[in-house]
Amino acid sequence: MHLLCFLSLACSLLAAALIPSPREAPATVAAFESGLGFSEAEPDGGEVKAFEGKDLEEQLRSVSSVDELMSVLYPDYWKMYKCQLRKGGWQQPTLNTRTGDSVKFAAAHYNTEILKSIDNEWRKTQCMPREVCIDVGKEFGAATNTFFKPPCVSVYRCGGCCNSEGLQCMNTSTGYLSKTLFEITVPLSQGPKPVTISFANHTSCRCMSKLDVYRQVHSIIRRSLPATLPQCQAANKTCPTNYVWNNYMCRCLAQQDFIFYSNVEDDSTNGFHDVCGPNKELDEDTCQCVCKGGLRPSSCGPHKELDRDSCQCVCKNKLFPNSCGANREFDENTCQCVCKRTCPRNQPLNPGKCACECTENTQKCFLKGKKFHHQTCSCYRRPCANRLKHCDPGLSFSEEVCRCVPSYWKRPHLN
């Protein structure tokens, strides 16, 4: 049942790419021709578009299954389809998120049986180990007067079609099977002799270039090559504007090569296959669109919460600037009302009260032997009315009590 749904959607997507609606036909054809390099623009621009078209053509020629084909043309949309299919069902969207128009698929031009037949044929012809019959005498170059019964044996050898004319289906690992046969030599001097012969049995295959084949045949150290095409050596990188990273080509490709239905003048990145929007990506485990970069509510910090629509951290208290009160302003970074009052030098700011307060008071000044001056918020000492010029030996004049006191009472002057 899943295979039937899979092929049905493949039919719809392929038809959508090839058969535009009448109203959008000129734009679709223009975008398609642009992707293939059929442009009448300036020579430089034409060369760029031709290069981009060659990238897409090379990519399409290299796909080896319906899944890969849809992944190239509609990466996000196809990923969402497979994800929801694993969850038990698929609901095909009916609106184009970019234009608001209903998306029209020409599914009537293909039927499920045809797609199923194509998919089965595609799988049958892929490069893989296949069971074949080989002639024992020809395999080992037996003498003309010697033959074997049975004359042929069944083993697996690599065979199938590669997606490029420059590639060959070759074995990358080989095992050996022992088979017991009758060996007969004429003129018959004795009866058939049972013999055990080892035959090469291919266990994995790969489409390889002639250079790779040469390296494998002439390799000093025989070892199995990877059975699958190598993955990108470099990690996914950030691409320029209007370019997207492609895991098959291992480089950035022009996004317009993948949007056949869009208008020529519209180079927006919100394509039809961008099902999650500009700030989100598909989580294949949950089949949900989540914020890019792993942004979660816990990463927003105190006083903030994650807006799941815009994927931005916003203030959770929803305060407005006029709700902070006098001498306070709303700080969007901390999501709090902060004091912005400017105080005189002798009246520092008290952040908790957002008020200018004196650092000195009557009690503090009294302990210093001074009086508190309210206007200046400072302590001061009144001059002595009768200041003695000379004190008896062992005594010193104190400005605090305006009399002579023992010298050891006098506090040292502190710089």
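Cβ atoms are placed via backbone N, Cα and C, with glycine included.
Taken from Swiss-Prot, the feature signal peptide applies to 1-31. The feature disulfide bond is assigned by Swiss-Prot to CYS127-CYS169, CYS158-CYS205, CYS162-CYS207, with similarity to another entry given as support. The feature N-linked glycosylation site is assigned by Swiss-Prot to ASN171, ASN201, ASN236, with sequence analysis given as support. The region '4 X 16 AA repeats of C-X(10)-C-X-C-X(1,3)-C' feature in Swiss-Prot is assigned to 276-358. The feature repeat '1' is assigned by Swiss-Prot to 276-291. As annotated by Swiss-Prot, repeat '2' applies to 300-315. If you look up Swiss-Prot, you'll see 324-339 marked as repeat '3'. The repeat '4' feature in Swiss-Prot is assigned to 343-358.
Here the features listed in Swiss-Prot are painted onto the structure.
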{"residue": "CYS127", "record": "disulfide bond", "Cβ contacts under 8 Å, 6 or more apart": "CYS158, GLY159, GLY160, CYS161, CYS162, CYS169, CYS205, ARG206, CYS207"}
{"residue": "ASN171", "record": "N-linked glycosylation site", "Cβ contacts under 8 Å, 6 or more apart": "PRO129, ARG157, CYS158, HIS202, THR203, SER204, CYS205"}
{"residue": "ASN201", "record": "N-linked glycosylation site", "Cβ contacts under 8 Å, 6 or more apart": "VAL155, TYR156, THR174, GLY175, TYR176, LEU177"}
Neighbouring C-beta atoms (10 Å sphere around the C-beta of CYS205 (disulfide bond)): 24
Local backbone state of CYS127 (disulfide bond), from DSSP in three classes: coil
Cβ contacts under 8 Å made by the repeat '2' (300-315) with residues that lie 6+ beyond its boundaries: 279-280, 291-292, 332, 334-336
Cβ atoms near CYS169 (disulfide bond) (within 10 Å, other residues, all chains): 20
Long-range neighbours of the repeat '4' (343-358), counting only residues six or more past its ends (CB under 8 A): 327-328, 376-378
Collapsed DSSP category at CYS162 (disulfide bond): coil
Other CB atoms within 10 A, centred on CYS158 (disulfide bond): 21
Cβ neighbour count (within 10 Å, all chains shown) around CYS207 (disulfide bond): 21
Stretch-averaged pLDDT - the repeat '4' (343-358): 81
